[in-house]
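Visitor: I am attaching a structure below and will ask some questions about it afterwards.
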Amino acid sequence: MNFGRGPSVVLNVGGTRYSFSREVLKDFPLRRVSRLHGCLSEQDVLEVCDDYDRERNEYFFDRHSEAFGFIMLYVRHGHLRFVPHMCELSFYNEMIYWGLEGSHLDYCCQRRLDDRMSETCTYYAAEEPNSGPEGKGRRPPGAEGGKWLERMRRTFEEPTSSVAAQVLATVSILFVIVSMVVLCASTLPEWRAPENRSVEEQSRYTAESVREPSGIIEAICIGWFTAECIVRFIVSKNKCEFVRRPLNIIDLLAITPYYISVLMTVFTGENSQLQRAGVTLRVLRMMRIFWVIKLARHFIGLQTLGLTLKRCYREMVMLLVFICVAMAIFSALSQLLENGLDLGTKNKDYASIPAACWWVIISMTTVGYGDMCPITVPGRILGGICVVSGIVLLALPITFIYHSFVQCYHELKFRSARYSRSLSAEFLN
(Lines of atoms letter the chains of each structure in order from A; the text may use other names.)
(Lines give C-alpha, C1' and ligand atoms only; values in the text may rest on other atoms or scores of the structure.)
Protein backbone atom coordinates (compact mmCIF):
# COMPACT_ATOMS: atom_id res chain seq x y z
CA MET A 1 0.00 0.00 0.00
CA ASN A 2 1.55 3.24 -1.18
CA PHE A 3 -0.72 5.65 0.67
CA GLY A 4 -1.11 6.33 4.38
CA ARG A 5 1.15 5.53 7.30
CA GLY A 6 1.16 2.98 10.06
CA PRO A 7 1.42 -0.81 10.14
CA SER A 8 -2.35 -1.30 10.09
CA VAL A 9 -5.43 0.24 8.54
CA VAL A 10 -8.94 0.62 9.91
CA LEU A 11 -12.09 0.06 7.89
CA ASN A 12 -15.16 1.84 9.22
CA VAL A 13 -18.27 0.31 7.64
CA GLY A 14 -21.44 1.99 8.84
CA GLY A 15 -19.94 2.68 12.27
CA THR A 16 -18.35 -0.74 12.78
CA ARG A 17 -14.55 -0.75 12.71
CA TYR A 18 -12.28 -3.51 11.42
CA SER A 19 -8.48 -3.40 11.78
CA PHE A 20 -6.20 -5.14 9.26
CA SER A 21 -2.51 -5.17 8.51
CA ARG A 22 -1.33 -3.70 5.23
CA GLU A 23 -0.16 -7.07 3.90
CA VAL A 24 -3.60 -8.60 4.42
CA LEU A 25 -5.18 -5.96 2.18
CA LYS A 26 -3.01 -6.98 -0.74
CA ASP A 27 -4.76 -10.32 -1.30
CA PHE A 28 -8.06 -9.53 0.41
CA PRO A 29 -11.00 -11.56 -1.03
CA LEU A 30 -13.13 -8.41 -1.44
CA ARG A 31 -12.05 -6.51 -4.55
CA ARG A 32 -13.04 -3.09 -3.24
CA VAL A 33 -10.96 -3.53 -0.09
CA SER A 34 -7.97 -4.95 -1.97
CA ARG A 35 -8.00 -1.90 -4.26
CA LEU A 36 -6.89 0.21 -1.28
CA HIS A 37 -3.48 -1.46 -1.42
CA GLY A 38 -2.69 0.14 -4.77
CA CYS A 39 -3.88 3.69 -4.01
CA LEU A 40 -1.15 6.32 -4.51
CA SER A 41 -2.98 9.45 -3.36
CA GLU A 42 -5.90 10.58 -1.32
CA GLN A 43 -7.88 11.14 -4.50
CA ASP A 44 -7.42 7.47 -5.42
CA VAL A 45 -8.60 6.48 -1.95
CA LEU A 46 -11.77 8.57 -2.22
CA GLU A 47 -12.62 6.76 -5.46
CA VAL A 48 -12.74 3.51 -3.47
CA CYS A 49 -14.28 4.63 -0.16
CA ASP A 50 -16.57 7.48 0.95
CA ASP A 51 -14.22 9.27 3.33
CA TYR A 52 -10.69 9.04 4.75
CA ASP A 53 -9.24 10.13 8.08
CA ARG A 54 -5.48 10.73 7.62
CA GLU A 55 -4.68 10.99 11.33
CA ARG A 56 -6.32 7.67 12.25
CA ASN A 57 -5.57 6.05 8.88
CA GLU A 58 -9.26 5.12 8.82
CA TYR A 59 -11.27 4.44 5.68
CA PHE A 60 -15.00 5.07 5.94
CA PHE A 61 -17.62 3.21 3.87
CA ASP A 62 -21.21 4.38 4.11
CA ARG A 63 -22.68 0.88 3.73
CA HIS A 64 -24.85 -1.55 5.69
CA SER A 65 -22.78 -2.65 8.69
CA GLU A 66 -24.73 -5.86 9.42
CA ALA A 67 -24.49 -6.98 5.79
CA PHE A 68 -20.74 -6.39 5.82
CA GLY A 69 -20.53 -8.48 8.99
CA PHE A 70 -22.05 -11.44 7.12
CA ILE A 71 -19.69 -10.79 4.23
CA MET A 72 -16.77 -10.89 6.67
CA LEU A 73 -18.03 -14.29 7.86
CA TYR A 74 -17.63 -15.43 4.25
CA VAL A 75 -14.06 -14.05 4.22
CA ARG A 76 -13.20 -16.00 7.36
CA HIS A 77 -15.15 -19.23 6.93
CA GLY A 78 -16.04 -19.43 3.22
CA HIS A 79 -19.85 -19.49 3.64
CA LEU A 80 -21.99 -16.57 2.48
CA ARG A 81 -25.65 -16.39 3.47
CA PHE A 82 -28.36 -13.74 3.57
CA VAL A 83 -28.87 -11.49 6.57
CA PRO A 84 -32.11 -12.46 8.36
CA HIS A 85 -34.99 -9.99 7.86
CA MET A 86 -33.10 -8.18 5.07
CA CYS A 87 -34.27 -7.97 1.49
CA GLU A 88 -32.39 -10.35 -0.77
CA LEU A 89 -31.92 -7.69 -3.44
CA SER A 90 -30.52 -5.19 -0.91
CA PHE A 91 -28.00 -7.73 0.32
CA TYR A 92 -27.14 -8.59 -3.28
CA ASN A 93 -26.41 -4.90 -3.91
CA GLU A 94 -24.04 -4.94 -0.95
CA MET A 95 -22.32 -7.99 -2.40
CA ILE A 96 -21.88 -6.29 -5.78
CA TYR A 97 -20.46 -3.20 -4.06
CA TRP A 98 -17.79 -5.21 -2.24
CA GLY A 99 -16.92 -7.25 -5.33
CA LEU A 100 -18.83 -10.50 -4.80
CA GLU A 101 -21.24 -12.29 -7.12
CA GLY A 102 -24.30 -14.46 -6.72
CA SER A 103 -22.21 -17.59 -7.23
CA HIS A 104 -20.48 -16.91 -3.90
CA LEU A 105 -23.74 -17.51 -2.04
CA ASP A 106 -24.63 -20.88 -0.60
CA TYR A 107 -26.95 -22.94 -2.79
CA CYS A 108 -30.09 -22.32 -0.71
CA CYS A 109 -29.54 -18.56 -0.80
CA GLN A 110 -28.84 -18.68 -4.54
CA ARG A 111 -32.31 -20.15 -5.05
CA ARG A 112 -33.87 -17.41 -2.93
CA LEU A 113 -32.03 -14.77 -4.95
CA ASP A 114 -33.09 -16.32 -8.27
CA ASP A 115 -36.73 -16.43 -7.18
CA ARG A 116 -36.66 -12.83 -5.97
CA MET A 117 -34.99 -11.55 -9.14
CA SER A 118 -37.38 -13.45 -11.43
CA GLU A 119 -40.33 -12.12 -9.44
CA THR A 120 -39.02 -8.56 -9.68
CA CYS A 121 -38.47 -8.82 -13.43
CA THR A 122 -41.93 -10.32 -13.92
CA TYR A 123 -43.99 -7.89 -11.91
CA TYR A 124 -42.06 -4.69 -11.39
CA ALA A 125 -39.80 -4.23 -14.41
CA ALA A 126 -42.52 -2.67 -16.55
CA GLU A 127 -43.51 0.05 -14.12
CA GLU A 128 -43.84 3.63 -15.25
CA PRO A 129 -40.48 5.40 -14.86
CA ASN A 130 -41.97 8.83 -14.17
CA SER A 131 -44.70 7.70 -11.78
CA GLY A 132 -43.03 9.20 -8.71
CA PRO A 133 -43.41 12.80 -7.63
CA GLU A 134 -39.88 13.61 -8.69
CA GLY A 135 -40.73 12.63 -12.27
CA LYS A 136 -43.56 15.09 -12.63
CA GLY A 137 -43.03 18.32 -14.50
CA ARG A 138 -40.00 17.24 -16.55
CA ARG A 139 -41.33 14.87 -19.19
CA PRO A 140 -39.43 14.39 -22.43
CA PRO A 141 -40.99 15.08 -25.82
CA GLY A 142 -43.63 12.54 -26.72
CA ALA A 143 -44.33 11.76 -23.06
CA GLU A 144 -48.04 12.42 -23.48
CA GLY A 145 -48.31 9.63 -26.05
CA GLY A 146 -46.27 7.32 -23.84
CA LYS A 147 -48.48 8.18 -20.88
CA TRP A 148 -51.59 7.34 -22.90
CA LEU A 149 -50.13 3.98 -23.95
CA GLU A 150 -49.12 3.25 -20.36
CA ARG A 151 -52.63 4.03 -19.18
CA MET A 152 -54.11 1.77 -21.83
CA ARG A 153 -51.65 -0.96 -20.88
CA ARG A 154 -52.57 -0.66 -17.21
CA THR A 155 -56.27 -0.72 -18.10
CA PHE A 156 -55.99 -4.04 -19.92
CA GLU A 157 -53.32 -5.69 -17.76
CA GLU A 158 -54.18 -4.51 -14.22
CA PRO A 159 -57.88 -4.92 -13.31
CA THR A 160 -57.50 -2.84 -10.10
CA SER A 161 -55.51 0.04 -11.59
CA SER A 162 -58.50 2.27 -12.50
CA VAL A 163 -62.28 2.41 -12.77
CA ALA A 164 -62.11 1.72 -16.49
CA ALA A 165 -59.93 -1.33 -15.84
CA GLN A 166 -62.46 -2.69 -13.34
CA VAL A 167 -65.32 -2.18 -15.80
CA LEU A 168 -63.32 -3.86 -18.56
CA ALA A 169 -62.44 -6.78 -16.30
CA THR A 170 -66.08 -7.22 -15.29
CA VAL A 171 -67.22 -7.28 -18.92
CA SER A 172 -64.49 -9.79 -19.80
CA ILE A 173 -65.52 -12.05 -16.90
CA LEU A 174 -69.16 -11.92 -18.06
CA PHE A 175 -68.14 -12.94 -21.58
CA VAL A 176 -66.10 -15.85 -20.21
CA ILE A 177 -69.02 -17.03 -18.07
CA VAL A 178 -71.51 -16.75 -20.93
CA SER A 179 -69.23 -18.60 -23.33
CA MET A 180 -68.71 -21.41 -20.79
CA VAL A 181 -72.46 -21.72 -20.18
CA VAL A 182 -73.11 -21.95 -23.92
CA LEU A 183 -70.32 -24.51 -24.34
CA CYS A 184 -71.72 -26.70 -21.55
CA ALA A 185 -75.31 -26.35 -22.76
CA SER A 186 -74.34 -27.29 -26.32
CA THR A 187 -73.40 -30.79 -25.12
CA LEU A 188 -76.86 -31.49 -23.64
CA PRO A 189 -78.95 -34.11 -25.51
CA GLU A 190 -81.83 -31.61 -25.79
CA TRP A 191 -79.56 -29.34 -27.84
CA ARG A 192 -77.92 -32.05 -29.93
CA ALA A 193 -81.02 -34.05 -30.90
CA PRO A 194 -82.69 -31.27 -32.92
CA GLU A 195 -79.38 -30.70 -34.71
CA ASN A 196 -79.20 -34.35 -35.75
CA ARG A 197 -82.79 -34.34 -36.97
CA SER A 198 -82.24 -31.21 -39.00
CA VAL A 199 -79.25 -32.75 -40.78
CA GLU A 200 -81.09 -35.97 -41.51
CA GLU A 201 -84.33 -34.31 -42.63
CA GLN A 202 -82.58 -31.42 -44.40
CA SER A 203 -84.85 -28.99 -42.59
CA ARG A 204 -83.24 -25.58 -42.61
CA TYR A 205 -85.83 -24.03 -40.36
CA THR A 206 -85.27 -26.45 -37.49
CA ALA A 207 -81.50 -26.27 -37.77
CA GLU A 208 -81.44 -22.49 -37.79
CA SER A 209 -83.83 -22.26 -34.85
CA VAL A 210 -81.44 -24.35 -32.75
CA ARG A 211 -78.06 -23.19 -34.00
CA GLU A 212 -78.64 -19.49 -34.43
CA PRO A 213 -78.75 -18.35 -30.75
CA SER A 214 -75.67 -20.29 -29.65
CA GLY A 215 -73.80 -19.43 -32.85
CA ILE A 216 -74.48 -15.71 -32.43
CA ILE A 217 -73.44 -15.76 -28.76
CA GLU A 218 -70.30 -17.67 -29.61
CA ALA A 219 -69.41 -15.24 -32.40
CA ILE A 220 -69.93 -12.24 -30.10
CA CYS A 221 -67.73 -13.74 -27.38
CA ILE A 222 -65.00 -14.59 -29.88
CA GLY A 223 -65.19 -11.08 -31.31
CA TRP A 224 -64.74 -9.56 -27.86
CA PHE A 225 -61.80 -11.83 -26.99
CA THR A 226 -60.16 -11.16 -30.35
CA ALA A 227 -60.51 -7.40 -30.04
CA GLU A 228 -59.18 -7.49 -26.48
CA CYS A 229 -56.18 -9.57 -27.52
CA ILE A 230 -55.39 -7.30 -30.48
CA VAL A 231 -55.56 -4.13 -28.38
CA ARG A 232 -53.37 -5.62 -25.67
CA PHE A 233 -50.85 -6.63 -28.35
CA ILE A 234 -50.82 -3.13 -29.83
CA VAL A 235 -50.26 -1.31 -26.53
CA SER A 236 -47.68 -3.79 -25.21
CA LYS A 237 -44.10 -2.56 -24.85
CA ASN A 238 -42.34 -5.71 -26.00
CA LYS A 239 -44.22 -7.63 -28.70
CA CYS A 240 -41.99 -10.71 -28.48
CA GLU A 241 -42.38 -10.85 -24.70
CA PHE A 242 -46.14 -10.47 -25.14
CA VAL A 243 -46.32 -13.53 -27.39
CA ARG A 244 -44.24 -15.62 -24.97
CA ARG A 245 -46.40 -14.98 -21.91
CA PRO A 246 -48.39 -18.06 -20.81
CA LEU A 247 -51.73 -16.26 -20.47
CA ASN A 248 -51.42 -14.78 -23.95
CA ILE A 249 -50.61 -18.21 -25.37
CA ILE A 250 -53.75 -19.53 -23.69
CA ASP A 251 -55.74 -16.70 -25.29
CA LEU A 252 -54.49 -17.73 -28.72
CA LEU A 253 -55.29 -21.39 -28.04
CA ALA A 254 -58.82 -20.41 -27.06
CA ILE A 255 -59.49 -18.08 -30.01
CA THR A 256 -57.76 -19.85 -32.90
CA PRO A 257 -59.96 -23.04 -32.95
CA TYR A 258 -63.06 -20.99 -33.68
CA TYR A 259 -61.58 -19.42 -36.80
CA ILE A 260 -60.18 -22.78 -37.92
CA SER A 261 -63.59 -24.42 -37.58
CA VAL A 262 -65.24 -21.55 -39.47
CA LEU A 263 -62.72 -21.85 -42.31
CA MET A 264 -63.19 -25.61 -42.46
CA THR A 265 -66.97 -25.17 -42.63
CA VAL A 266 -66.65 -22.55 -45.37
CA PHE A 267 -64.31 -24.65 -47.52
CA THR A 268 -65.99 -28.05 -47.01
CA GLY A 269 -69.66 -27.14 -46.67
CA GLU A 270 -72.41 -29.50 -45.48
CA ASN A 271 -71.16 -32.65 -47.20
CA SER A 272 -69.30 -35.86 -46.50
CA GLN A 273 -65.98 -34.06 -46.18
CA LEU A 274 -67.36 -32.06 -43.28
CA GLN A 275 -68.72 -35.22 -41.71
CA ARG A 276 -65.29 -36.81 -41.92
CA ALA A 277 -63.84 -33.71 -40.33
CA GLY A 278 -66.51 -33.75 -37.59
CA VAL A 279 -64.15 -35.23 -35.01
CA THR A 280 -61.59 -32.50 -35.69
CA LEU A 281 -64.24 -29.80 -35.39
CA ARG A 282 -65.52 -31.19 -32.10
CA VAL A 283 -61.98 -31.23 -30.72
CA LEU A 284 -61.44 -27.65 -31.82
CA ARG A 285 -64.73 -26.57 -30.26
CA MET A 286 -63.84 -28.22 -26.97
CA MET A 287 -60.58 -26.25 -26.87
CA ARG A 288 -62.74 -23.28 -25.92
CA ILE A 289 -62.53 -24.63 -22.39
CA PHE A 290 -59.23 -22.73 -22.19
CA TRP A 291 -61.30 -19.58 -21.80
CA VAL A 292 -61.75 -20.49 -18.15
CA ILE A 293 -58.03 -19.86 -17.60
CA LYS A 294 -58.59 -16.29 -18.80
CA LEU A 295 -60.12 -15.67 -15.39
CA ALA A 296 -56.57 -15.78 -14.01
CA ARG A 297 -56.17 -12.18 -15.20
CA HIS A 298 -58.84 -11.04 -12.77
CA PHE A 299 -58.58 -13.33 -9.72
CA ILE A 300 -55.63 -13.38 -7.34
CA GLY A 301 -56.27 -17.01 -6.44
CA LEU A 302 -55.60 -18.29 -9.95
CA GLN A 303 -52.60 -15.96 -10.30
CA THR A 304 -51.23 -17.31 -7.02
CA LEU A 305 -51.63 -20.87 -8.27
CA GLY A 306 -49.79 -20.12 -11.51
CA LEU A 307 -46.97 -18.23 -9.78
CA THR A 308 -46.60 -21.01 -7.21
CA LEU A 309 -46.30 -23.65 -9.92
CA LYS A 310 -43.72 -21.49 -11.68
CA ARG A 311 -41.58 -21.04 -8.58
CA CYS A 312 -41.98 -24.62 -7.32
CA TYR A 313 -41.15 -26.38 -10.56
CA ARG A 314 -38.16 -28.03 -8.85
CA GLU A 315 -40.40 -29.44 -6.14
CA MET A 316 -42.94 -30.56 -8.76
CA VAL A 317 -40.21 -32.32 -10.73
CA MET A 318 -39.00 -33.92 -7.51
CA LEU A 319 -42.55 -35.14 -6.80
CA LEU A 320 -42.83 -36.65 -10.29
CA VAL A 321 -39.48 -38.38 -9.85
CA PHE A 322 -40.66 -39.87 -6.55
CA ILE A 323 -43.83 -41.17 -8.20
CA CYS A 324 -42.03 -42.57 -11.24
CA VAL A 325 -39.45 -44.40 -9.12
CA ALA A 326 -42.15 -45.84 -6.88
CA MET A 327 -44.23 -46.86 -9.90
CA ALA A 328 -41.28 -48.69 -11.44
CA ILE A 329 -40.53 -50.60 -8.23
CA PHE A 330 -44.06 -51.48 -7.12
CA SER A 331 -45.36 -52.29 -10.61
CA ALA A 332 -42.51 -54.74 -11.21
CA LEU A 333 -42.99 -56.40 -7.81
CA SER A 334 -46.78 -56.59 -8.12
CA GLN A 335 -46.55 -58.13 -11.60
CA LEU A 336 -44.10 -60.69 -10.27
CA LEU A 337 -46.18 -61.61 -7.22
CA GLU A 338 -49.55 -61.67 -8.96
CA ASN A 339 -48.69 -63.16 -12.34
CA GLY A 340 -45.00 -63.91 -12.69
CA LEU A 341 -44.62 -66.59 -10.01
CA ASP A 342 -46.23 -70.01 -10.29
CA LEU A 343 -48.32 -69.79 -7.09
CA GLY A 344 -51.42 -71.53 -8.47
CA THR A 345 -53.35 -68.26 -8.90
CA LYS A 346 -52.60 -65.94 -11.79
CA ASN A 347 -54.14 -62.48 -11.79
CA LYS A 348 -54.73 -61.51 -15.42
CA ASP A 349 -55.03 -57.84 -14.48
CA TYR A 350 -51.29 -57.85 -13.73
CA ALA A 351 -50.23 -59.52 -16.96
CA SER A 352 -47.61 -56.84 -17.66
CA ILE A 353 -45.70 -54.12 -15.85
CA PRO A 354 -47.43 -51.26 -17.76
CA ALA A 355 -50.79 -52.70 -16.69
CA ALA A 356 -49.60 -52.86 -13.09
CA CYS A 357 -48.50 -49.20 -13.27
CA TRP A 358 -52.17 -48.17 -13.39
CA TRP A 359 -52.85 -50.03 -10.14
CA VAL A 360 -49.77 -48.45 -8.52
CA ILE A 361 -50.72 -44.87 -9.40
CA ILE A 362 -54.33 -45.16 -8.17
CA SER A 363 -53.09 -46.87 -5.00
CA MET A 364 -50.36 -44.32 -4.24
CA THR A 365 -52.81 -41.45 -4.68
CA THR A 366 -55.35 -43.33 -2.47
CA VAL A 367 -57.99 -43.18 -5.20
CA GLY A 368 -58.59 -46.93 -5.36
CA TYR A 369 -61.13 -47.45 -8.15
CA GLY A 370 -61.28 -51.17 -7.40
CA ASP A 371 -61.02 -52.22 -11.03
CA MET A 372 -57.72 -53.93 -10.19
CA CYS A 373 -56.74 -55.46 -6.86
CA PRO A 374 -54.22 -58.09 -5.72
CA ILE A 375 -55.56 -61.50 -4.78
CA THR A 376 -52.47 -63.15 -3.30
CA VAL A 377 -51.31 -62.56 0.24
CA PRO A 378 -47.87 -61.21 -0.78
CA GLY A 379 -49.59 -58.96 -3.32
CA ARG A 380 -51.92 -57.52 -0.67
CA ILE A 381 -49.02 -56.88 1.68
CA LEU A 382 -47.23 -55.10 -1.17
CA GLY A 383 -50.41 -53.10 -1.82
CA GLY A 384 -50.46 -51.86 1.78
CA ILE A 385 -46.81 -50.83 1.56
CA CYS A 386 -47.56 -49.09 -1.75
CA VAL A 387 -50.41 -47.05 -0.24
CA VAL A 388 -48.38 -45.97 2.80
CA SER A 389 -45.38 -45.11 0.62
CA GLY A 390 -47.58 -43.02 -1.66
CA ILE A 391 -48.91 -40.99 1.27
CA VAL A 392 -45.38 -40.33 2.54
CA LEU A 393 -43.87 -39.51 -0.85
CA LEU A 394 -46.69 -37.15 -1.83
CA ALA A 395 -46.50 -35.35 1.52
CA LEU A 396 -42.75 -34.63 1.40
CA PRO A 397 -42.75 -31.71 -1.13
CA ILE A 398 -46.12 -30.33 0.01
CA THR A 399 -44.57 -28.21 2.77
CA PHE A 400 -42.33 -26.35 0.33
CA ILE A 401 -45.21 -25.81 -2.08
CA TYR A 402 -47.48 -24.58 0.72
CA HIS A 403 -44.99 -21.97 1.99
CA SER A 404 -44.38 -20.79 -1.56
CA PHE A 405 -48.14 -20.50 -2.12
CA VAL A 406 -48.57 -18.35 1.00
CA GLN A 407 -45.66 -16.12 -0.01
CA CYS A 408 -46.98 -15.68 -3.55
CA TYR A 409 -50.44 -14.86 -2.23
CA HIS A 410 -49.17 -12.12 0.08
CA GLU A 411 -47.00 -10.64 -2.68
CA LEU A 412 -49.90 -10.50 -5.13
CA LYS A 413 -52.18 -9.06 -2.44
CA PHE A 414 -49.61 -6.34 -1.77
CA ARG A 415 -49.38 -5.61 -5.48
CA SER A 416 -53.15 -5.45 -5.79
CA ALA A 417 -53.38 -3.15 -2.77
CA ARG A 418 -50.84 -0.81 -4.33
CA TYR A 419 -52.97 -0.44 -7.45
CA SER A 420 -56.07 -0.04 -5.26
CA ARG A 421 -54.38 2.91 -3.57
CA SER A 422 -53.83 4.49 -6.98
CA LEU A 423 -57.49 3.79 -7.75
CA SER A 424 -58.52 5.58 -4.53
CA ALA A 425 -56.35 8.54 -5.52
CA GLU A 426 -58.13 8.63 -8.87
CA PHE A 427 -61.50 8.82 -7.09
CA LEU A 428 -60.23 11.66 -4.86
CA ASN A 429 -58.96 13.62 -7.85
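For all residues, glycine too, the Cβ spot is worked out from N, Cα and C.
Found this in TrEMBL, in case it helps:
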| type | residues | note |
| --- | --- | --- |
| DOMAIN | 7-116 | domain 'BTB' |
| TRANSMEM | 163-188 | transmembrane segment |
| TRANSMEM | 215-235 | transmembrane segment |
| TRANSMEM | 247-269 | transmembrane segment |
| TRANSMEM | 289-309 | transmembrane segment |
| TRANSMEM | 316-337 | transmembrane segment |
| TRANSMEM | 349-369 | transmembrane segment |
| TRANSMEM | 381-405 | transmembrane segment |
Visitor: Of the stretches 215-235, 247-269, 289-309, 316-337, 349-369, which racks up the most C-beta pairs under 8 Å with the transmembrane segment (381-405)?
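Guide: The stretch with the most contacts is 316-337.
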Visitor: Please report, as numbers and ranges, the same-chain residues at least 6 past the borders of the transmembrane segment (215-235) whose CB is under 8 Å from any CB of it.
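Guide: Distant Cβ neighbours of the transmembrane segment (215-235) are 149, 152-153, 156-157, 171-172, 175, 178-179, 182, 242, 248, 251-252, 254-255, 258-259, 291, 294.
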Visitor: Find the member of 163-188, 289-309, 349-369 that has more C-beta pairs under 8 Å to the transmembrane segment (316-337) than any other listed stretch.
Guide: 349-369
Visitor: What are the helix, strand and coil residue counts for the domain 'BTB' (7-116) according to DSSP?
Guide: 57 helix, 21 strand, 32 coil
Visitor: Mean pLDDT across the domain 'BTB' (7-116), rounded to an integer, is what?
Guide: 85
Visitor: Six or more residues beyond either end and a Cβ under 8 Å away: which residues meet both conditions relative to the transmembrane segment (289-309)?
Guide: 119, 157, 159, 169, 172-173, 176, 179-180, 183, 221, 225, 246-247, 250-251, 253-254, 316, 401, 404-405, 408-409, 411-413, 416
